[in-house]
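S.K.: Residues annotated as region 'Disordered' in TrEMBL: 1-47. Marked as transmembrane segment by TrEMBL: 103-124, 144-162, 174-191, 203-226, 238-258, 264-282, 341-363, 416-436, 448-469, 489-510. Look at TrEMBL and you will find 108-551 tagged as domain 'Major facilitator superfamily (MFS) profile'.
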């Protein structure tokens with residue numbers, strides 16, 4: 001195994017001439033104090049308990065801290081090929097995911113991406129066949145869409161339960177459990193005798209879907225250095241965004257040819273394949289980085305132990321507490337988390353979920369298309385739009401943060417990535433407006449062009465905000481993934497009002513309203529950029545927002 005994960009990360013040691021002026025570690029770990037708050041940091045990854053502590057640790061320090069920062073944890077600091085310190089600093093142990101060989105990192109990355117893909121894919125396969133499902137279950141198409149809505153709701157709720165467990169007991173066992181639940185829920189849906197039973201099995205599958213989708217950002221954070229995360233998060237988010245799109249391509253023709261039951265059956269078979277791969281190719285990525293623990297650690301786990309020694313993979317420096325299940329809500333007290341969360345919720349709802357649950361009904365009534373062609377109409381433009389959008393997101397954000405870091409004394413600020421969001425806040429509303437203005441008034445192609453433009457912007461948003469939140473608050477990377485899953489879970493509400501609203505005001509009026517909802521995020525997005533970084537800002541200067549909930 002390579003020392004730093006990839007050949008380009010092999011570095012020369014740096015001998016420090018600085019000395020610490022404090023007898024204690026200047027960085028306080030998350031959970032050590034009730035006064036801890038991410039807004040007390042001014043460097044990405046550093047979370048100081050007070051200003052005095054901050055003064056004892058700077059960009060070039062050699063403190064003995066347990067942090068994800070641009071400082072060394074010993075007398076040496078490893079640097080990347082550009083001479084900048086690796087963030088975080090890898091340990092000397094070969095089972096440290098940062099030190100895994102490139103092929104293993106990519107194997108795990110593709111798997112967690114595929115799991116996230118399946119989370120949406122298994123719930124969306126039925127969407128082009130909702131009309132067939134409604135006839136079979138003797139309900140209208142709007143009610144039939146509740147089967148998808150139910151899975152979305154549970155997919156948004158389950159990460160709040162599963163993520164804290166995964167943070168202590170490991171990503172692997174939690175993920176294997178989630179895949180199994182999703183697979184069983186899919187089998188149950190395929191054999192459901194009535195609509196009530198179908199909703200129950202969709203709820204079961206949805207609970208597992210949330211677990212499958214919540215592990216990705218945490219694994220990326222576990223395995224890759226900060227300067228690599230934009231590209232790697234982009235790869236992951238491509239899977240996330242396109243789950244529904246590929247499902248639409250397949251689900252329509254499959255439902256038309258073999259019946260709606262196979263839309264659920266294929267999802268279950270896909271999960272079975274993912275489960276088999278994960279059993280043998282998804283080692284545990286959770287690794288303890290507590291400095292005092294690593295100083296006394298002598299044992300390096302083998303690959304087999306990373307797979308099957310569940311007890312040995314439990315995080316030895318932490319235990320599960322009831323407060324861990326509220327940790328995600330604490331993040332919403334920061335504007336630099338709250339506004340990206342709300343922005344992504346709006347973007348995902350109107351650019352991805354809205355067409356997924358409305359296009360079958362609209363294109364059946366307006367263009368008299370069958371499920372197969374409807375699936376193609378939904379899947380092709382959305383897939384093209386998201387792939388093109390990624391060219392302006394993942395690797396581009398890594399390049400942007402590198403160039404701006406060179407201008408800023410080598411400091412990589414997560415907020416540099418937010419500049420790319422400016423593109424998304426123009427493309428998403430424009431795409432929605434094009435769809436509303438053309439559907440039912442032109443051929444079926446111009447509305448699809450609008451969908452492609454909207455998803456182009458959504459892909460930029462997804463990659464940029466995923467990477468920003470994990471870079472800005474590394475100790476909370478799993479919780480940020482939970483928040484994004486909650487964003488997708490909240491999107492279920494659009495299924496209750498989109499089509500009835502369009503029936504009253506017309507497609508242009510309805511989609512014009514959705515366009516304005518997305519456009520109003522532009523000002524909020526710029527404000528967050530100013531709070532978090534901008535030209536003169538610093539990471540984490542945001543003030544707490546008092547919530548009307550006891551935390």
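Cβ atoms here come from the backbone N, Cα and C positions, even for glycine.
All annotation found in TrEMBL is predicted automatically rather than curated by experts.
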S.K.: Check the transmembrane segment (264-282) against the transmembrane segment (489-510) for contact, please; criterion is three or more CB pairs under 8 Å, pairs 6 or more apart in sequence.
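M.R.: Answer no: the transmembrane segment (264-282) and the transmembrane segment (489-510) share fewer than 3 Cβ pairs below 8 Å.
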S.K.: Which residues of the same chain, at least 6 past either end of the transmembrane segment (416-436), have a Cβ under 8 Å from a Cβ in it?
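M.R.: 230, 343, 347, 350-351, 355, 385, 392-393, 396-397, 400-401, 404-405, 446-447, 449-458, 460-461, 464-465, 467-468, 471, 507-512, 514-516, 518-519, 521-522, 525-526, 528-529, 532-533.
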S.K.: Out of 174-191, 238-258, 341-363, 448-469, 489-510, which stretch has the largest tally of CB pairs under 8 angstroms to the transmembrane segment (103-124)?
M.R.: 238-258
S.K.: Looking at the stretches 238-258, 341-363, 448-469, which one shares the most CB pairs under 8 Å with the transmembrane segment (489-510)?
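M.R.: Most contacts with the transmembrane segment (489-510): 341-363.
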S.K.: Who are the chain neighbours of the transmembrane segment (448-469) in space, where the CB to CB distance is under 8 Å and they lie at least 6 residues beyond its ends?
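M.R.: Residues packing against the transmembrane segment (448-469) from afar: 217, 229-230, 233-234, 236-238, 240-241, 245, 337, 340, 343-344, 347-348, 350-352, 355, 377-378, 380-382, 384-390, 392-394, 397, 414-415, 417-418, 420-421, 423-428, 430-438, 476-477, 480-481, 483-484.
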S.K.: Please work out the mean pLDDT for the residues of the domain 'Major facilitator superfamily (MFS) profile' (108-551).
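M.R.: Reported value for the domain 'Major facilitator superfamily (MFS) profile' (108-551) is a mean pLDDT of 84.
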